[in-house]
(Lines of atoms letter the chains of each structure in order from A and count residues from 1; the text may use other names and numbers.)
(Lines give C-alpha, C1' and ligand atoms only; values in the text may rest on other atoms or scores of the structure.)
Protein backbone atom coordinates (compact mmCIF):
# COMPACT_ATOMS: atom_id res chain seq x y z
CA UNK A 1 0.00 0.00 0.00
CA UNK A 2 1.45 3.32 -1.09
CA UNK A 3 0.32 6.02 1.34
CA UNK A 4 1.04 8.83 -1.08
CA UNK A 5 -1.08 7.22 -3.82
CA UNK A 6 -3.96 6.60 -1.40
CA UNK A 7 -3.86 10.21 -0.17
CA UNK A 8 -3.84 11.44 -3.77
CA UNK A 9 -6.92 9.34 -4.54
CA UNK A 10 -8.67 10.61 -1.43
CA UNK A 11 -7.88 14.25 -2.26
CA UNK A 12 -9.15 13.80 -5.83
CA UNK A 13 -12.39 12.34 -4.50
CA UNK A 14 -12.73 15.27 -2.07
CA UNK A 15 -12.09 17.70 -4.94
CA UNK A 16 -14.78 16.11 -7.12
CA UNK A 17 -17.33 16.10 -4.29
CA UNK A 18 -16.59 19.67 -3.21
CA UNK A 19 -16.71 20.89 -6.83
CA UNK A 20 -20.13 19.30 -7.33
CA UNK A 21 -21.33 20.83 -4.06
CA UNK A 22 -20.03 24.30 -4.99
CA UNK A 23 -21.62 24.06 -8.45
CA UNK A 24 -25.00 23.19 -6.85
CA UNK A 25 -24.70 26.01 -4.30
CA UNK A 26 -23.69 28.49 -7.01
CA UNK A 27 -26.67 27.45 -9.13
CA UNK A 28 -28.92 27.79 -6.07
CA UNK A 29 -27.70 31.33 -5.45
CA UNK A 30 -27.98 32.32 -9.12
CA UNK A 31 -31.57 31.06 -9.39
CA UNK A 32 -32.61 32.05 -5.84
CA UNK A 33 -33.95 28.53 -5.33
CA UNK A 34 -32.74 25.91 -2.84
CA UNK A 35 -33.57 23.27 -5.46
CA UNK A 36 -32.86 24.73 -8.94
CA UNK A 37 -33.29 21.40 -10.76
CA UNK A 38 -36.13 18.94 -10.08
CA UNK A 39 -37.47 15.75 -11.64
CA UNK A 40 -41.20 15.33 -12.37
CA UNK A 41 -42.41 12.37 -10.29
CA UNK A 42 -46.06 12.06 -11.37
CA UNK A 43 -48.31 12.50 -14.38
CA UNK A 44 -50.33 15.39 -12.93
CA UNK A 45 -48.89 17.89 -15.44
CA UNK A 46 -49.35 15.82 -18.60
CA UNK A 47 -49.26 16.62 -21.46
CA UNK A 48 -47.02 19.62 -20.63
CA UNK A 49 -44.53 17.59 -18.57
CA UNK A 50 -44.19 13.82 -18.30
CA UNK A 51 -42.93 11.72 -15.40
CA UNK A 52 -39.13 11.72 -15.60
CA UNK A 53 -38.70 15.16 -17.18
CA UNK A 54 -35.96 17.31 -15.62
CA UNK A 55 -37.10 20.88 -14.90
CA UNK A 56 -34.88 23.95 -14.53
CA UNK A 57 -36.20 26.56 -12.11
CA UNK A 58 -35.88 30.30 -11.66
CA UNK A 59 -37.10 32.12 -8.56
CA UNK A 60 -36.05 35.71 -9.17
CA UNK A 61 -39.47 36.83 -10.44
CA UNK A 62 -41.19 39.28 -8.11
CA UNK A 63 -44.59 37.94 -9.10
CA UNK A 64 -45.95 34.73 -10.59
CA UNK A 65 -48.54 35.06 -13.34
CA UNK A 66 -51.61 32.96 -14.05
CA UNK A 67 -50.43 30.20 -16.37
CA UNK A 68 -46.89 29.96 -14.95
CA UNK A 69 -45.77 26.47 -13.97
CA UNK A 70 -44.40 26.64 -10.43
CA UNK A 71 -42.88 24.18 -8.02
CA UNK A 72 -44.05 24.43 -4.43
CA UNK A 73 -43.47 22.63 -1.17
CA UNK A 74 -46.10 22.07 1.47
CA UNK A 75 -45.14 22.10 5.15
CA UNK A 76 -44.39 18.66 6.58
CA UNK A 77 -44.06 17.12 3.09
CA UNK A 78 -40.67 16.74 1.47
CA UNK A 79 -41.73 16.14 -2.14
CA UNK A 80 -41.96 19.24 -4.35
CA UNK A 81 -45.14 19.56 -6.43
CA UNK A 82 -45.13 20.84 -10.04
CA UNK A 83 -48.41 22.58 -10.98
CA UNK A 84 -49.73 25.56 -12.93
CA UNK A 85 -50.93 28.83 -11.36
CA UNK A 86 -54.72 28.95 -11.69
CA UNK A 87 -55.45 32.16 -9.75
CA UNK A 88 -53.45 34.96 -8.20
CA UNK A 89 -54.45 37.30 -5.35
CA UNK A 90 -52.85 39.64 -2.82
CA UNK A 91 -53.45 39.76 0.92
CA UNK A 92 -53.63 42.82 3.18
CA UNK A 93 -49.82 43.02 3.38
CA UNK A 94 -49.52 42.98 -0.44
CA UNK A 95 -48.11 39.43 -0.38
CA UNK A 96 -48.89 37.40 -3.49
CA UNK A 97 -51.16 34.39 -2.94
CA UNK A 98 -51.47 31.63 -5.54
CA UNK A 99 -53.95 28.86 -6.28
CA UNK A 100 -52.49 26.02 -8.34
CA UNK A 101 -53.75 22.98 -10.25
CA UNK A 102 -52.18 20.12 -12.17
CA UNK A 103 -53.05 20.18 -15.88
CA UNK A 104 -54.11 16.53 -15.70
CA UNK A 105 -56.07 16.89 -12.43
CA UNK A 106 -59.82 17.48 -12.15
CA UNK A 107 -59.69 19.98 -9.28
CA UNK A 108 -57.43 22.62 -7.76
CA UNK A 109 -54.73 21.93 -5.15
CA UNK A 110 -56.48 23.24 -2.02
CA UNK A 111 -56.68 19.71 -0.51
CA UNK A 112 -52.89 19.40 -0.92
CA UNK A 113 -52.09 22.63 0.93
CA UNK A 114 -53.30 21.34 4.31
CA UNK A 115 -53.97 23.20 7.57
CA UNK A 116 -56.99 25.09 6.24
CA UNK A 117 -54.87 26.95 3.68
CA UNK A 118 -56.64 27.98 0.49
CA UNK A 119 -53.67 29.70 -1.17
CA UNK A 120 -49.90 29.37 -1.38
CA UNK A 121 -47.79 32.35 -0.38
CA UNK A 122 -45.27 33.11 -3.14
CA UNK A 123 -42.42 34.10 -0.84
CA UNK A 124 -42.81 31.19 1.56
CA UNK A 125 -44.07 28.21 -0.46
CA UNK A 126 -42.82 28.59 -4.05
CA UNK A 127 -39.48 26.93 -4.85
CA UNK A 128 -39.32 28.32 -8.38
CA UNK A 129 -40.91 28.82 -11.79
CA UNK A 130 -40.11 26.41 -14.63
CA UNK A 131 -37.91 28.07 -17.26
CA UNK A 132 -36.79 24.99 -19.21
CA UNK A 133 -36.78 21.22 -19.24
CA UNK A 134 -35.12 18.10 -20.66
CA UNK A 135 -37.58 15.29 -21.47
CA UNK A 136 -37.17 11.95 -19.67
CA UNK A 137 -33.62 12.57 -18.43
CA UNK A 138 -34.77 12.13 -14.84
CA UNK A 139 -35.89 8.52 -15.26
CA UNK A 140 -32.44 7.42 -14.11
CA UNK A 141 -32.88 9.13 -10.74
CA UNK A 142 -36.43 7.80 -10.38
CA UNK A 143 -35.25 4.26 -11.15
CA UNK A 144 -32.38 4.49 -8.66
CA UNK A 145 -34.55 5.96 -5.91
CA UNK A 146 -37.32 3.37 -6.38
CA UNK A 147 -35.05 0.32 -6.72
CA UNK A 148 -32.92 -0.55 -3.68
CA UNK A 149 -30.77 -2.98 -5.70
CA UNK A 150 -29.96 -0.22 -8.19
CA UNK A 151 -28.82 2.00 -5.31
CA UNK A 152 -26.57 -0.75 -3.95
CA UNK A 153 -25.18 -1.55 -7.40
CA UNK A 154 -24.42 2.11 -8.11
CA UNK A 155 -22.73 2.61 -4.73
CA UNK A 156 -20.75 -0.59 -5.19
CA UNK A 157 -19.65 0.40 -8.70
CA UNK A 158 -18.55 3.86 -7.53
CA UNK A 159 -16.70 2.42 -4.55
CA UNK A 160 -14.88 -0.23 -6.58
CA UNK A 161 -13.97 2.23 -9.34
CA UNK A 162 -12.56 4.63 -6.74
CA UNK A 163 -10.46 1.86 -5.19
CA UNK A 164 -9.17 0.54 -8.52
CA UNK A 165 -8.38 3.93 -10.03
CA UNK A 166 -4.64 4.41 -10.60
CA UNK A 167 -4.65 8.07 -11.49
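Backbone N, Cα and C define each Cβ position, glycine as well.
For the topological domain 'Cytoplasmic' (1-12), the mean pLDDT of the prediction comes to 84. Residues or ranges marked as topological domain 'Cytoplasmic' in Swiss-Prot: 1-12.
Here Swiss-Prot flags 13-30 as transmembrane segment.
The feature topological domain 'Lumenal' is assigned by Swiss-Prot to 31-167. Taken residue by residue, the topological domain 'Lumenal' (31-167) breaks down under DSSP into 34 helix, 39 strand, 64 coil.
Other C-beta atoms found within 10 angstroms of the C-beta of residue 44 (active site, charge relay system) number 19, with every protein chain shown included. Residues or ranges marked as active site, charge relay system by Swiss-Prot: 44 (among others).
Counting Cβ atoms from all protein chains shown, residue 83 (active site, charge relay system) has 23 others lying within 10 Å of its own Cβ. The active site, charge relay system annotation in Swiss-Prot covers 83 (among others).
Long-range neighbours of residue 109 (active site, charge relay system) (same chain, six or more residues apart, CB within less than 8 Å of its CB): 81, 83, 99, 100, 101, 102. Taken from Swiss-Prot, the feature active site, charge relay system covers 109 (among others), and the record attributes it to similarity to another entry.
The list of residues near the region 'C-terminal short (CTS) helix' (153-164) in space but at least 6 beyond its ends in sequence, with Cβ under 8 angstroms from a Cβ of it, reads 9, 13, 144. According to Swiss-Prot, the feature region 'C-terminal short (CTS) helix' maps to 153-164.
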